[in-house]
């Protein structure tokens, strides 16, 4: 006999529904044990080793015209991954479990803070270098730096006024990037 069954769960129970019409006429019988559930009827058997233990005293079943509904009360309010326990084959004893690496999150956070601080210091050093070049330069070099930086959208910084003064400075974005004006986005 081909009979379907399905199940769903809440925090407190698992409900198994066996779609069996006229179950009383087919002499159905349900057996509920702490880790095992069995239902038989004329020409049908459902035998399951349950995923987790259940409370037999609080479990029950009831038949309806088109189905039998079995309510299994969970002993623990854990989420079942499946209705049945997965059969695990014994692994050879020579295989060691993977090592457990405990992370020291405080030291990782300190490392990240240190890297961010180093990057900020290197950026500050670069800014100081540009300020030093700008302040110690001639007016022509300062004009070249201002013109090249503003016309290129911040992608070019030139100190050669003879070259920059002849034409508009081209935008040269870093390799792998594309330049777009803010009104084109």
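For all residues, glycine too, the Cβ spot is worked out from N, Cα and C.
According to TrEMBL, the compositional bias 'Basic and acidic residues' annotation covers 172-185. For the compositional bias 'Basic and acidic residues' (172-185), same-chain residues at least 6 beyond its ends with a Cβ under 8 Å from one of its own Cβ atoms are 152-153, 155-156.
DSSP labels the residues of the domain 'CS' (1-84) in these numbers: 0 helix, 49 strand, 35 coil. The annotation domain 'CS' is assigned in TrEMBL to 1-84.
The feature domain 'SGS' is assigned by TrEMBL to 93-184. The average pLDDT computed over the domain 'SGS' (93-184) stands at 83.
The region 'Disordered' annotation in TrEMBL covers 166-185.
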DSSP helix, strand and coil counts for the domain 'SGS' (93-184)? 50 helix, 0 strand, 42 coil
